Amino acid sequence: MSRAGVWIFLVVTFVVAAVEVAVYFRLAGEIVHVTAYVLLCAVAWWSAFRRHEGRDRRIWLLVAACQTLWFTGDAYELLELHLLGETSAVGPADVFWLGPYPLLATALALMARRRAPGRLRSSVVDALTLTVAAAAVSWPFVMKPLTDGATFAEAAVPLLYPIGDVVLLTAVLLIALSPGARTAPTRLLLAGVVWYLLMDVGWTALPYLVSEDIYGRLNAAMLIGNALITAAGLHPARAELVSPGRASRTLHPARVFFLAVALLTPPVLNVFIRPDLVGLLASVVCALLVVVRFVLVVREQARTQEQLAHQADRDPLTGLANRSVLGDRLARTVPAPDAPVAVLYLDLDGFKEINDQYGHEAGDVVLRTVSERLTVAVREGDLVARLGGDEFVLLCPGVSAEEAVTLAERIISDVARPVAFEGHHLVVGGSIGIAARTEPAAEGLLRSADAAMYEAKRLGRGRWILAG
């Protein structure tokens, strides 16, 4: 469906909802309600099967099932009213109305998981913190009054609705706090779920404030929430709802503010309202969750610092050590009679021709392949570094001149093996200069190996030269 089609669908739904609100307690209101919901459920199922595939379809099948269950509860209540002349305070309709809460929460959690694969832990902690704070507010004003003066059987079912809202709030916060785009589809989805939550709050609070003639019409307004969620699944950009987003490595100031509010909410309530076990428990849980959140932040910052330090020491193309690391290791490596040191300076032959003929992408493949072969050729304690371009250096402590020559011959053979690239077999050679010492000398190992490498190139390439 096009963007224009989505907005037309919403406008029509809003108009129908307004008409239903106006005539809700009449037969015309019932007809509008049933007709609108049947059509909306049909659109939801059609969207799930025709607009979504694979794992995405499972999410939207859950959404369609939610809407169908809500409508089934309404239909059962209407039948009960017309057949028995009254509706029961608690009955089978509640099963249909309560069922969608875990289903919709599951759908939202699956979306959040797709938006942040393997990176949802921080968002889960934030969502739980805010949810516990909201539950702490809900307990004295919404949940506890439902239990006062009532038996367990009388209070259990009504209490499940605010509990369902708490579960749903956690799930919608996961979407709101997860990384990813937040254009029209995400906004429609969040607006639809928030609308549900507001309607439930209205159902609980308004009976104490206004007559049934007013708060009873909220059932008609629920249609808007269903339409908003369905529109999110119909929107052309709906893929953003399950597309992975880039995670932020910093804790946004807004999150810090809301976490602080959540942390302060339970103790502030305990000041103005007689504290009970639930309020104290909420305070402890919020505090623990905030501590966990900041531990996660500290660990994330430590990982980031480690990654930055690693990147600073590495060649970005090949992952080998860079010139800085090589210089540091050379400065700390002193040849001695019982601890010889060898440096092999490799320059690729024919690399420029490959770059010119096949492009830089081919050249990058050659450089990465050569890097892998060099890494395999040396021992664990040796260092392989890329100085830039097609120049590599191997620093091998404990390697004599004879062993360095053997290694150079092996490397020349390994480097000369063809490299596959888009159906072509690219071939380069290698010229190696070797400097091996058993005692410190005025001329550095690297400089001697560099001079020997140029001598090898001058003599015909594809060979090694041992510096005197």
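Residue numbering: from 1, along the chain as shown.
Note that Cβ sites are derived from N, Cα and C of the backbone, with glycine treated the same way.
Quick look at what TrEMBL lists:
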- 7-25: transmembrane segment (TRANSMEM)
- 31-47: transmembrane segment (TRANSMEM)
- 124-143: transmembrane segment (TRANSMEM)
- 155-176: transmembrane segment (TRANSMEM)
- 188-208: transmembrane segment (TRANSMEM)
- 214-235: transmembrane segment (TRANSMEM)
- 256-273: transmembrane segment (TRANSMEM)
- 279-298: transmembrane segment (TRANSMEM)
- 339-468: domain 'GGDEF' (DOMAIN)
Considering the transmembrane segment (214-235), which listed stretch of 7-25, 124-143, 279-298 counts the most C-beta pairs under 8 Å: 7-25
The transmembrane segment (188-208) versus listed stretches 7-25, 31-47, 124-143, 256-273, 279-298: most Cβ pairs under 8 Å: 124-143
The domain 'GGDEF' (339-468) - residue tally per DSSP class, helix then strand then coil: 55 helix, 41 strand, 34 coil
